[in-house]
Amino acid sequence: MYGIVAMALVAVFAVAFLYALHRAVNVLAEPLTVLPAQSGWLPQEHALSRFHARWYPASIVFLAFDVEMLFMYPWAVVVAEEGMTAVVEMFLFLGALLIAVTWAWREGVFRWV
Amino acid sequence: MGLTRILAHLAVNSARVLIVEAPGHWLTRVELEQQMLLRGWCAAWTPADADVLAVCGVPGPELVELAQRLWEQMPGPRVRVDVASSAVVGSALEDAAALLLDTPYHRADARERAQEPRIPEDHGQMGHEGMDHGGHEGMNHEGMDHGGHEGMNHEGMDHGGHEGMNHEGMDRGGHEGMNHEAMDHEGMDHAGHGGHGGMDMAPAGIALAQGGQDRDGLEMDVLHLPLGPVLPFWPAGLVLCCSLQGDVVVDAAASVVDGAGQAAGSKEPQAPPVPASAVRCDGVMALLALAGADDAAARARRARDALVRGDQGAARDVVERLHRTVRRSWLLRWSLRGVLVLDPSDLARHGLPEGCRGDAHDRLSSMVEGLRSEVCGGAVPAAVESGAVPWERMPHLVTGLELATVRLAVASLNLEPFSTVQETGHA
Amino acid sequence: MPESGMVIAAVGWAGVAGILLCALAYVAVTLDAVLSARQLGVRGGWTAPLSRAARLLRQRQRTTVAADTLLWRVGGAGMFIGAFLIVAVIPMGRWVLADPDVGIVWFNVVDVMVWALVWLTGWGANSTHSLVGGYRFLAHGLAYELPLMFALVAPAIAAGSLGVGDVVAAQDGLWFVVWMPVAFLVYLVGVTGFSVWGPFAPALAADIAGGVLAELSAVDRLVFQAGRYLFLVAGAAFSVPLFLGGGSGPVLPGWAWVLVKTVAVLAVLVWLRRKVPLVRPDRFMEIGWMVLLPAVVVQDLLVSLIVVSGG
């Protein structure tokens, strides 16, 4: 565990070092404020807005399937001991999920443009 | 200080150049790209990443203004070079490289330049001041609609089937009052709009995004994104003002920067005529680069440069390999299949040339085939104008497409608002 | 932990591991730059990482009007830090900085964090190009992440453990890549995905003027871009204990074999970038769900059947 903490510290130190080095050698430390890049045109509105993520049905399907990983990881550890029953149970479950995904696919969940 | 100097000398080896290409100055831009390559310099895609702003050719007043704003967005160290013609490219880059090393100059520049962007005071109220420039057909508001975009569309710009949608949009929300007021009191002082466009609605002088109905009848925020004229792999001078909901273009208006007339007048005196096949190569390169096929795009670029140099032998070799790559790459085919499919009835409806038939991959294939027969087979180069697509049709073609597809679609149509070759053909 | 045969290295080695990670990223940048230059018919590119870093260090920081600066910077720096967190659980031969029981899950946690980091970097700039880029990445994530998770599970099933050390130990004699090639390939797809690399770079593509990168300059751009390369390296390095037998190999010591294998995988990933066109999220969504996911589930089924019948 300490190894991970040490590594995180090294990474934070590296980032801090880069920022400090940048501060020392760049042309002016204070950041410049500019307009967003739009080929030189003035922006008509702020870009921070309610973005229309058209793939939201796919994200719902993802969430449903992703929760399954909660079972999959512990299952992977014990499957060798539990034997065939565990394999059958898990893959019946996964099969059911995949059938649901296929249904969602036919409904056009993975196409949005 | 030693370290600063070392860093400056290292940095100048990989400077990035933001290229502003005035319409009709194709050759200057290509020459610039060739010389940049020899220095190990790359093109920047946005001012954020640029060290050098290179204005190719003689820009019109509108492009000058855009270039100025891009210049203000560059972080610095920054150097601006005006490359009037292809003959002065070398010395311009030489100067730029020398000035990039001058750290004290850049320190002073950083301190003395404007630290905040200049946003016109009435910008927050005037929804599309940024777009409201003379020559924009389809966006010419005659100064009467200072309100939202509903006003703009309402004002009788026919965007086909979108009209209904926009009218509907107008009935919603607190904006109609503002629009009507603005239209009724044409020419009155802007103070009257203050109540609507005040600070709460326009933080930092920029309005907040407004909702609009999407194709499914949901109310979604609309963002306005002008594509061009300074955008990588984009036809010089073209401006496509897109209204986006998410990453789908729900409405668009096309124009050319400085208007079409201005550009025709500012043609560069082109000593060597531009070979038509080189221009075609450039188009192929843009499409391949946008599709992300970097190796194939690099081939197209080498072929283009060889053709500009007049090195037929090298060009033949590279074009053959390009042709093979494009024909064999099933991933490229998969990626471009179904992008802006045009059948004969579409072509007739939009008045497009026969060569635009099919999808982006069909168009790419026919471009590369044509290139091969010109360069390797000795066929007479087809005049580019015979395949040129009228840019006015673009809004009708791209509305409803996703942004990446729009870019591929534009690149796949041989879209030169001011065909370089056309002019030299007459000369 | 001790039963896996791993030796926990002193925390002081974290610095060495960090330097090694950065050195490999340096190699990746150089390779990419040299390949690019060669393809365009010029020499050079060998000093690309140095001169690019110098350029960005010299550049002035820049922020856009009304940007969400805190979140924006968190995104960039997070990309840089995330890769280090993965490397902490990668064994170099017998030595490893940390060998938690759930090393594979740890890797998974960090790679999912990239979703937030890339999206924040796109969101924070208050610029339409970057915003579109950020959401493009999320759409990609929806498609590559599940196959990647199932690919990670395959070695865990075979080893009967989620510890990276145990997975290496279980490959004694036969590397997992031999009998789980589909999981290996899908894993590499996932690595390119979370590194926003090659075909999975529409979030940073030219068509939206660099997307997430559109407003980044100076050191902010440097840490984000370096972070991508570091993630690519970390992903390539993690494939070694997972599928390529860890440090096993003749003559050379274990740690050297880990390095050799990492560089080999890395070189392939860098080389492929130029060959494979962008895979736009709207095209990849169906591929991810209807091709990769079933394929890797079948792979998991085969692995578990082999384990149950053989064990």
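Keep in mind that glycine also has a Cβ here, set from the backbone N, Cα and C atoms.
The transmembrane segment feature in TrEMBL is assigned to C:6-29 (among others). Within its own chain, the transmembrane segment (C:6-29) is flanked in space by residues 48-49, 52, 83-84, 87-88, 91-92, 94-99, 165, 168, 226, 229-230, 232-234, 237, 259, 262-263, 266, 270, which lie at least six positions past its ends and keep a Cβ under 8 Å from the stretch.
Annotation source TrEMBL lists transmembrane segment at C:70-92 (among others). Within its own chain, the transmembrane segment (C:70-92) has Cβ neighbours under 8 Å at 6, 14, 17-18, 21, 63, 98-100, 103, 106-107, 110-111, 113-114, 116-125, 164-165, 168, 216, 220-221, 223-224, 226-228, 230-231, 233-235, 237-238, 240-241, 246-247, 254-255, 258-259, counting only residues six or more beyond its boundaries.
The annotation transmembrane segment is assigned in TrEMBL to C:104-125 (among others).
Away from its own ends, the transmembrane segment (C:137-162) comes close to residues 4, 101-105, 107-108, 111-112, 114-115, 118-119, 122, 169-170, 176, 180, 182-184, 186-187, 189-190, 193-194, 196, 200, 202-203, 212, 242-243, 281-282, 284-285, 287-289, 292-293, 295-297, 299-300, 303-304, 306-307, 311 of its chain (Cβ-Cβ under 8 Å, at least six residues beyond either end). Feature annotation from TrEMBL assigns transmembrane segment to C:137-162 (among others).
Per TrEMBL, the feature transmembrane segment maps to C:174-197 (among others).
For C:229-248 (among others), the entry in TrEMBL reads transmembrane segment. With a cut-off of 8 Å between Cβ atoms, the residues of this chain six or more beyond the transmembrane segment (C:229-248) that come close are 21-22, 24-25, 28-29, 79-80, 82-84, 86-87, 90-94, 104, 107, 111, 114, 152, 155, 164-165, 167-168, 171-172, 175-177, 180, 183-184, 187-188, 190-192, 194-195, 197, 254-255, 257-258, 261-262, 265-266, 269-270.
The annotation transmembrane segment is assigned in TrEMBL to C:254-272 (among others).
Within the chain, the transmembrane segment (C:284-308) has long-range Cβ neighbours (under 8 A, six or more residues past its boundaries) at 139-140, 142-144, 146-147, 150-151, 153-154, 157-158, 160, 179-180, 182-183, 186, 189. Taken from TrEMBL, the feature transmembrane segment covers C:284-308 (among others).
Residues of the same chain lying 6 or more positions beyond the ends of the transmembrane segment (C:254-272) and with a Cβ under 8 Å from any Cβ of it are 20, 24, 27-28, 31-32, 35, 90-95, 188, 191-192, 197-198, 232-233, 235-237, 239-241, 244, 246-248.
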